[in-house]
Amino acid sequence: MTVSGKQNPRALYRSALEKKRTTTFLVLFGWLAVVLVVGFLFATGAIKAPYDPPFSHGAIKPTYYTTPCLADDAKPVSPNQVKVRVLNATDQRGLATKVGDALTAGGFVVTKVGNAAAEVEGAADIRTSIYSISEAYELQRMVPDAAITLMPGGSPNNTELELLLGNAFNQVVTPEGASDLSQQRQAGEAANCKPVDPLFIKESKEESGADEATMEGPAPAEGTPAPAAK
């Protein structure tokens, strides 16, 4: 007796297996198509994500010994909030005293005048920590030919600057002739300034909370300022 194809168990099994495979592949391809379409809609902005987590990163260490950028949200600083040590790095006697007097007349707080055993390229160099960048730019308004250099160290309680005078120094301008904040920002950009991460400043302030009284100000110029002529 011969068994027909419809009644053959092997044939029935193969037919059922083939249908199962076909159904499985159709479901998989269907889900894949849905995922691709939804992903495309999210990528093109046609559909907004249910949540938009903010981009976050660890604090970025500043690039020291370069010109720091003025922060986007920086506000003008009053001259009487700027403390500065004026150091003469030239052979010209009395230069630091002359500049210190001019800055004092402009409202700045000159804490010291003296000499520095350092070489300064150009007119002058304003040395600042991460805590006194706005103050450095305020000082640069009066000494427009000065460069600004970011130095390691410093403390939230010590924002004193160093102004090192070089051989190309010309003069301190009057408050009336000083540039405004927008011009200072442009000057920083022209000097290829490097941005300072606000998160780094914030974390540094938090970490220095218990030790602020013992932390030093901006790193001094190379060599110890000479106690002699000013």
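Any Cβ shown, glycine's included, is placed from N, Cα and C.
Per TrEMBL, transmembrane segment is recorded for 24-47. Look at TrEMBL and you will find 81-169 tagged as domain 'LytR/CpsA/Psr regulator C-terminal'. Annotation comment: TrEMBL describes 177-230 as region 'Disordered'. Feature annotation from TrEMBL assigns compositional bias 'Low complexity' to 216-230.
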Item to check | Averaged pLDDT score, the domain 'LytR/CpsA/Psr regulator C-terminal' (81-169) | outcome: 93
Item to check | Residues in the domain 'LytR/CpsA/Psr regulator C-terminal' (81-169) grouped by DSSP into helix, strand and remaining coil | outcome: 22 helix, 31 strand, 36 coil
